[in-house]
Amino acid sequence: MAALDRVLVVMMVLTTVLAIGFNTVSADPDLLQDVCVADPTSGIKVNGFTCKQNATAQDFFFAGLAKPGLTNNTFGSLVTPANVMQIPGLNTLGVSMARIDYAPGGLNPPHTHPRATEIVFVLEGALNVGFITTANVLITKTIQKGEIYTFPKGLVHFQKNDGKVPAAVIAAFNSQLPGTQSLGPTLFAASPPVPDNVLTKAFQIGTKEVEKIKSRFAPKK
């Protein structure tokens with residue numbers, strides 16, 4: 001994709017997110033000054049980050065979404081975030097982005113974003129995407145290059161590349177730090193661990209099955 005096309009994509013996605021953020025219901029609180037560049041080294045705990053004293057252009061810049069991420073992992077996908085942890089200038093602005101790359105057959109497994117709605121724009125390839133409502137209704141669609149799909153705040157959702165070529169999306173969020181809870185690791189790799197008797201009853205499986213699943217999500221030594 002040409003550089004100009006990429007710029008147009010990013011501008012369109014950001015415009016959409018800003019429109020969401022300025023709605024009467026916002027994911028993050030409104031800012032009270034022009035900028036509040038995050039100071040992650042501060043020992044003061046607030047809802048977000050305290051402001052550092054002097055802002056620079058670098059605080060508002062990030063080049064990490066320009067290149068595809070490596071997808072040679074278990075799920076065949078990689079999320080490259082561009083939130084307040086990578087761009088301190090996003091603090092209090094209520095927006096962030098990410099790039100997600102998928103190998104052929106790759107999956108961004110079921111997960112939620114507790115603090116944000118997500119909207120994705122397909123850069124390359126095609127994806128089967130979907131989310132599940134609180135009534136356990138699956139809403140799914142195949143999206144192609146140049147198309148957009150939205151995942152409502154807090155609902156479980158996924159993206160799967162069933163094609164034979166790599167795929168990629170740019171995602172945008174109406175939060176500076178949307179948070180991600182992937183269902184598998186959340187339940188089977190929590191620290192301290194979720195008790196086995198909770199998981200066996202919840203999933204109607206035996207202790208051996210629980211231990212087997214936990215072993216697959218355990219950190220590699």
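In case you wondered, yes, glycine gets a Cβ from its N, Cα and C as well.
Nobody curates TrEMBL annotations by hand; they come from automatic prediction.
What TrEMBL lists as oxalate binding site is ASN108, HIS113, GLU118. Here TrEMBL flags HIS111, HIS113, GLU118, HIS157 as Mn(2+) binding site. As annotated by TrEMBL, disulfide bond applies to CYS36-CYS51. TrEMBL lists 63-211 with the feature domain 'Cupin type-1'. According to TrEMBL, the feature signal peptide maps to 1-19.
Distance noted between the C-alpha atoms of HIS157 (Mn(2+) binding site) and CYS51 (disulfide bond) is 33 Å. Cβ proximity to the oxalate site centre (mean Cβ of ASN108, HIS113, GLU118, cutoff 8 Å) flags the following additional same-chain residues: ALA98, HIS111, THR112, VAL120, PHE151, HIS157, ALA171, PHE173, PRO178, THR180.
For the domain 'Cupin type-1' (63-211), DSSP puts the residue distribution at 22 helix, 58 strand, 69 coil. Compute the center of the Cβ atoms of HIS111, HIS113, GLU118, HIS157, which mark the site for Mn(2+); besides them, the chain residues with Cβ within 8 Å of that center are THR112, PHE131, PHE151, LEU155, VAL156, PRO178, THR180.
Of all the Cβ atoms in the protein chains shown, 19 others lie within 10 Å of the Cβ of HIS111 (Mn(2+) binding site). Note on GLU118 (oxalate binding site): other Cβ atoms within 10 Å of its Cβ, all shown chains, come to 24.
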